[in-house]
Structures are given as structure tokens and as C-alpha cells.
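What TrEMBL says about this protein:
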type     : residues : note
DOMAIN   : 59-299   : domain 'G-protein coupled receptors family 1 profile'
TRANSMEM : 45-68    : transmembrane segment
TRANSMEM : 80-106   : transmembrane segment
TRANSMEM : 112-134  : transmembrane segment
TRANSMEM : 154-177  : transmembrane segment
TRANSMEM : 197-216  : transmembrane segment
TRANSMEM : 248-267  : transmembrane segment
TRANSMEM : 279-301  : transmembrane segment
Amino acid sequence: MNEDLKANLSGSPRDSDAGAVAENVSAAVSSQFPEPDPELVVNPWDIVLCTSGTLISCENAIVVLIIFHNPSLRAPMFLLIGSLALADLLAGIGLIINFVFAYLLQSEATKLVTIGLIVASFSASVCSLLAITVDRYLSLYYALTYHSERTVTFTYVMLIMLWGTSICLGLLPVMGWNCLRDESTCSVVRPLTKNNAAILSISFLFMFALMLQLYIQICKIVMRHAHQIALQHHFLATSHYVTTQKGVSTLAIILGTFAACWMPFTLYSLIADYTYPSIYTYATLLPATYNSIINPVIYAFRNQEIQKALCLICCGCIPSSLSQRARSPSDV
């Protein structure tokens, strides 16, 4: 009988109610005071992209400051180089902001603003490269009339068009063309839609084809000019061949670097979507950022006038090797 009494007491409704109340109180306390989140894990690829953005920003900031503070660097060529440096500078800042927002201030608004800045800046960078190619072609094809007021006006028109187009592309995700509400439409770069990424990729391929055609024409003009100079100054055929080969090699390096940096990510964006592993996106996007690191070396620091301005800022003098250096047909 004692055992039956114990069994009845242990299974009484009063005890069951008390246990349920205790569980409810515990759940309420847990909801008011949630357990601390696990330690935030930073993706190493994001660290690499942020480091790349820092290097891009520092390098291109130097070019922007040199062109902005030097009144003699106002020719169309320097305006376009300055546009390229400014676009790459904004791209580097966008990569840094993306890292900060991704781990410190996560929200839909910050995602849209960051991706809009990155799209606009990289679009302006690629468009500036195309504009520089057009300017180089015009400077060789219309050598006698290139240094005219019409060329300056045309340069400003190109700058307005390329920056206007780039800003519009960057505003598309912010204005609603994104995949935040429908993940099935996402591209490899969230929150860009698959259609948005396809338009950007096809536009890049079109501009690359146009640059390739222009550089082929530039090559022909350089070879013709080098041959004419060799005949006028009675140079040896070997000297003419070396000069021409140097010019062609320079153009091949410029175009090859551009294609090697951007082509992997462009093609991957066309064939892949959000279901693909993110490591492929990082692996193809990282070389594209390297193009903004290489651009100042190819287009700015190789330029004789910018070299002089940089030497004046750093040491207050111009080396004799720069002041006596003459421009050759290979300097394209």
C-alpha cells in the first residue's frame, strides 16, 4: 500500500502542473535573455578581398592626388587616366566597406548600397579603359588635329557618358532590381539578379571586342609610324624591328592583362548562379580586383609626365634620365 501511495503522489496532477509552470518560466527567461551568439567566423576570402581593396585604394589615391594637384596634367589623356584611377579608388573603397558591413552592420540596405558602389566603380573602371583605348587610337590616327579644342570636348563627353552609364548600372540593385525577395533569381554575386549579371558580362565582352579591334588598328599605325621614322632617319632595319616589336609587346601586355583579370569572372557569371559553391565566385572575382592594382602601373606610373610629378613630390627634383628621355613609337 505504501508503494501504491508513492506512485499516486509522484504522478499527481498538482506535481505535473508545477513542472509545466517551471518549464514555461524557464522558456520565458531564455527568450528574454538569449544565449550569446557563437564567435563570429571571418571568411579568409573576404580578408583577401579587403586587403586587395586597401592596396587598390592606396595606389590609386596617389594617382588621383598627382593629377588633381598638378595643373599641367589637364590634357585629355590625363583626364582619362584620372577617371580610371578615381574609378579604381572607389572600387577599392567599396571592397573595404563591403567587408566592414558584412561583419559589423548587416542589413539589406547596406548590401544594396555596397553592391551598387562596387558595380558602378568597376563599370567605370572598364569604361575608362575603353575610353583610354579610343583616345590612344585618335591620337595616332588624327595626329595633326588631335591637340585641338574638339578633342577636349570629345573627352568630356566620353567622361560624362561613361560615368552616367556606370552610375545607372550601380543604381539598378538599389532601385529594386535585386534578388533579396526571390533567391531563385540570384546570380553568383548576391543580391545581383542573374539577368543583371548577364547584362554586365555581355557588356564587358562587347567592350573587350571593341578594345581588341582598336588595339589591332593601333598596332598597324605604330608599325607604319616606326617604319616611316626609320626611313627618315636612315635607321637600320634591326632598329626598326626592335622598336616595332616593343610597341606590339606593350599592347599585348595591356590587352592580355585586362583579359586575364576579367575574363574568368565574366564567363563564370554567365554560366553559374547562386547554387554554385561560393569558392568559385571568390576565385574568379579576386583576379578581377587585381586589374585595379595593375592599372596604375600600366597607365599612370609608366607615363613620363606623371613620373616627373611624382619625383617632384617625393624628392623635389626631376632625374636627368626622365628629363632627357624622348618618346618613341613604342610608348603607346
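A Cβ is built for glycine as well, from the same backbone N, Cα and C atoms used for every other residue.
Automatic prediction, not curation, is the source of TrEMBL annotations.
Counting same-chain residues at least six beyond the ends of the transmembrane segment (197-216), those with a Cβ under 8 angstroms from any Cβ of the stretch are 119, 123, 126-127, 129-130, 133-134, 136-137, 169, 187-189, 251, 254-255, 258-259, 262-263, 266-267, 269-270.
Residues belonging to the domain 'G-protein coupled receptors family 1 profile' (59-299) score a mean pLDDT of 88 in the model.
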